[in-house]
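What TrEMBL lists as active site, 4-aspartylphosphate intermediate is Asp407. According to TrEMBL, the Mg(2+) binding site annotation covers Asp407, Thr409, Asp780, Asp784. According to TrEMBL, the ATP binding site annotation covers Asp407, Lys408, Thr409, Glu486, Phe527, Lys550, Arg584, Thr664, Gly665, Asp666, Arg754, Lys760, Asn783, Asp784. Annotated domain 'P-type ATPase N-terminal' per TrEMBL: 44-100, in sequence order. The domain 'P-type ATPase C-terminal' feature in TrEMBL is assigned to 806-1057. Under the heading transmembrane segment, TrEMBL lists 296-317, 326-349, 842-861, 873-894, 915-936, 956-977, 989-1008, 1028-1048.
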Amino acid sequence: MNFRNVYRALRIRWSHDDEEPPNFGSYASTDDEKRIIVLNGSQPTKYCNNRISTAKYNVLTFIPSFLFEQFRRYSNIFFLLIALLQQIPDVSPTGRYTTLVPLVFILSVSAIKEIIEDVKRHRADNEINHRLIERLENGAWTTVRWSELTVGDIIKVVIDTFFPADLILLSSSEPQGMCFIETANLDGETNLKIRQGMTSTAKLLDTKDLTQLQGKIECELPNRLLYEFNGVLKEYGKPLVPLGNDQVLQRGAMLRNTAWIFGVVIYSGHETKLMKNSTSAPLKRSTVDKLTNTQILMLFMILITLCITSGLCNLFWTQKHSITDWYLGIGDFVSLSLGYNLLTFFILYNNLIPISLQVTLELVRFLQAIFINYDIEMYHEESNMPASARTSNLNEELGLIKYIFSDKTGTLTRNVMEFKKCSIAKRIYQTEHTPEQSELVQNILRKHESSRDIEEFLVLLSVCHTVIPEKKEDGSIIYHAASPDERALVDGARKFGYIFDTRTPEYVEINALGKRLRYEVLNVLEFTSSRKRMSIIVRTPGGRIKLFTKGADSVIYERLSPRDQSYRESTLQHLEEFASEGLRTLCLAVADIDDEVYEEWTQTHHKASIALQYRESKLEDSCNLIETNLRLLGATAIEDKLQEGVPETIAALLEAGIYIWVLTGDKQETAINIGYSCKLISHNMDILILNEGSLDATRDAVLRHVDEFKTTSTKDANVALVIDGKTLKYALTCDLRGDFQELCLVCRVVICCRVSPIQKAEVVDMVTQSTKAVTLAIGDGANDVAMIQKASVGIGISGVEGLQAACASDYSIAQFRFLRRLILVHGAWNYARISKLILYSFYKNVCLYVIELWFALYSGWSGQILFERWTIGLYNVVFTAMPPFAIGLFEKFCTAETMLKYPLLYKPSQNAKLFNVRVFWIWIFNALLHSVFLFWLPLCAFETEAIWSDGKTSDYLMLGNMVYTYVIVTVCLKAGLITSSWTWLTHAAIWGSILLWFLFVVIYSHIWPSLNFASNFAGMDSQLLSTPVFWLALILVPITSLLIDVICKLIHNTVFKTLTDAVRESEIQRNDPSQVMEESRSSEYRFKHDLDQRSSTKRQQSQARYFNSRQSVEFSARHLRVEHLDFDEDLDSRDQQREFYRRRQRWQGSEILHM
């Protein structure tokens, strides 16, 4: 059967198919579904101008927008409510402004921060909008600002200049309307890309020709798809010309190696693809934040309960004493009103919720992010790339990581490809130092029987690509490719003497062992993730038409001619050998096309190319028509080496108790071997492989293994699960998802091969939602963006594939090995710091403001405040503001070197030991206990009221200031008690806060009468500091309050000492912590060894029960358990091993091309 018959058979089959046959006719869309742009004429509708604004606010919208943003937080609404209630006469016991002023201060700090950031955005926007460009107006070129451009304008862009809008390329200074662009601002790729104008407009080289251009462009409406564009050029009196992504020059890209281009604006301003993609990442909140909000809600309920209780008690007390104690004047309506009393106590107790917590957290997290950005240990000198915290809201989340989902290529590996081997005509060839030294070239020169296939193989490598050659002055050639794989393949052909050196839109030229060959490029069938292949149709120097195809083995093998059986088995075997060595593989094939068939197909393909709707699917159907009846030439093997430090990083993360899953599009064998080389899979680990072809088969396999693991007592089996993309599709269905998830969570390692970007996101979402654990996804390419945004924390690697992943991430690093320090050091530190900061903030508020409750007991539930009004308001924002900052910025329980050396130290933070519901309420109870001592002990000392030697007395405010002083001292000393790492800034924060209060007392006591303010505080310093009772209690009260804390800490550090405590003690004593760690490991090992022995015995018994019903083969070398094989023969022989691999492997194809 020749190619023509195959082609026509496909057409006939499609025409009789039950499904709707592909419609290749141009799509007649309505005006509402397309954009019409008139050339050199007025536009049918008004389009937006080219002015852009990335700022959040302007003068008019700042106040309403800012307030709306701030009062989306419940805490700010709560404090605003308190501030409003305080304005009601005779309701607020604390005055009208004690909540309003701190709230305004906090909002002002946030407003200043927002203004500074937005001013920077406005300046950047103005700089861009005021750039100049030449525009064709009335037959002449005029210089205008970028912001003045609009759709339909014809402009001139010169070399090394950014494109001001999305343009259609008309012509350029290069032949055939070619130009070279750099898209680093769009996707991070620095490789030059080629764009080509239409043949009909490529000759428009002067102003007169451009002004005579008449017609219109019809294209799709503005969208955010960077790599897709559908349009049609309709010149009056000429055939339709399809417009695709090759004719689009996007805003943000730069013109390179081309003197000038002419282009017409199709999308402007915020309708450009760059601005359409400028959306914010999904909002993520840390686990600590969520838990804190829940506890705030609980505290609010307690506050309401206290208010109701206090209001009722006040009502009962007032009713009882209003007649007998008439001199108190409490018989009025306000005193007897429950509603007024509830409002009074609501205001009195409101500070149980710390007003300054939110702004303190924001500032501390911001500074923690700076610490990450400036960590020299995470700076990659080779690429000049530091770590970058793109958000600060998730700093503590890095200390809770339980699962890591990692891409392979470019993340674990370098994504720097090197051509290593190739398989041609049943033989494997390797590169040598010179082409003449290679056996492959010798076979060509000797006219070996396989020389024809070898020559076609090398021609395909040097012709079938989109690489752009750049010739240097010294004669060398640099290849600019869209992906490292492309460059490696072309470079591999060069190593064998087939040098690609010239590209134009119409032809490519190669130097084949000294002979110049020109191939006319007829069509380029581009790579897509669904096609998994790339093809090029050329006319050879001999005048014949050939189709060259390269792609994943799965798609190439299914398109081979039935008569082509010569190299199938040997190439398949070589592919398995390459994959077992961890090499990336690709298949190459060719087909001869008759001229008649090509002409018929060209018409079909042209109709598909000018369709405005469903163009991609129609083009794919068109490509399927011609990419058939192929003849296999061979396969290539490319090496992608591991990044530096990957094995050590993975080993450390595993030791820290983190589960690592690899989600990759590579072949199964490649992924498994990378797993071994990076120490993700150990040689004593069982490997469970799931390769199923149907939903029923997948269900049977998953359920069988779930039942098997249920018979064992272990919850963490030493098993690596390997599953391919096709099986994963079935496993993620609704009825099987739960069982598959249960199987995955039992396994120590999971590797998903041949997976699509959406499958990566689904796996991450499945684990995140089901386990409620904190997950981290790390990748380097655009195909990793979905899973990065789905995970609790997304890490982007600034790699060879560009900056798409880094731009969509929460944190970006240059190398995978920096993940170790980011998690084990910064993550653990920040979690401990934020946890202590939040707990301490609630502690110090409860410690002070519950005293108002105790005073209410003493004062007949009157609602009278014990403290001076402004000292209440300044408590959080001045007197106790510095210790939380010191804790949040400088606290660390071990040094960075110790944390990296002993990953087990990460487990306390990973298991949320420092901040959970139990710990939170222990702190609240501790604060309640301290408040009891801090009020009742001074009250006992003040019982006689005569606390001076001359017998003089004072009022309640004297008692209040005594209590307030003891509270300041106690909470500051408490901060010191929970501090593990002392710096001079920590000392300054703790002792400085105490000193600040005493300075305030001295200064504030002398304000009145100079200022009509604080009259009730006049002379307070002399009263307070002159009584010996105050000084004696200053020593006894804080010590008594903290005595229980000190005793508990001593018992904890002696009887219940944790591993972290022991290591910290070793550091303080300057001893080596290794002995402590070894003791911990040995005890843990003995426990696990006993558990594993019991589990292994039960597993062996279970395997014996299921052995007869299971269709699997065990490999002792790597303990592989391979599912669903239909033979039981011995697999020692080479032929039987080949049969095993052939029947097991589904050849799903690796998406390694990015063309």
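Cβ atoms are placed via backbone N, Cα and C, with glycine included.
Separating the Cα atoms of Asp780 (Mg(2+) binding site) and Asp407 (active site, 4-aspartylphosphate intermediate) is a whole-number distance of 8 Å. Between the transmembrane segment (1028-1048) and the stretches 296-317, 842-861, 915-936, 956-977, 989-1008, the greatest number of Cβ pairs separated by less than 8 Å involves 956-977. Separating the Cα atoms of Arg584 (ATP binding site) and Thr409 (Mg(2+) binding site) is a whole-number distance of 10 Å.
Its Cβ placed at the centre, Arg754 (ATP binding site) has 27 other Cβ atoms within 10 Å. When averaged over the domain 'P-type ATPase C-terminal' (806-1057), pLDDT in the model lands at 89.
When Cα-Cα distances from Thr409 (Mg(2+) binding site) are compared across the binding-site residues Phe527, Gly665, Arg754, Asn783, the shortest belongs to Gly665. The transmembrane segment (956-977) is in contact with the transmembrane segment (842-861), judged by 3+ CB-CB distances under 8 Å for residue pairs 6 or more apart in sequence.
Taking every recorded stretch in 296-317, 842-861, 873-894, 915-936 and counting its Cβ pairs under 8 Å to the transmembrane segment (989-1008), the highest total belongs to 873-894. Annotation: stretch 842-861 has the most Cβ pairs under 8 Å to the transmembrane segment (915-936), among 296-317, 842-861, 873-894. Cβ-based neighbour count (10 Å, all protein chains) for Gly665 (ATP binding site) stands at 27. Mapped onto DSSP helix, strand and coil, the domain 'P-type ATPase N-terminal' (44-100) counts 22 helix, 0 strand, 35 coil. With the fewest other Cβ atoms inside 10 Å of its Cβ, the least crowded of the binding-site residues Thr409, Asn783 in this structure is Asn783. Using a 10 Å Cα-Cα cut-off around the residue listed as 'active site, 4-aspartylphosphate intermediate', the binding-site residues Phe527, Gly665, Arg754, Asp784 reduce to Gly665, Asp784.
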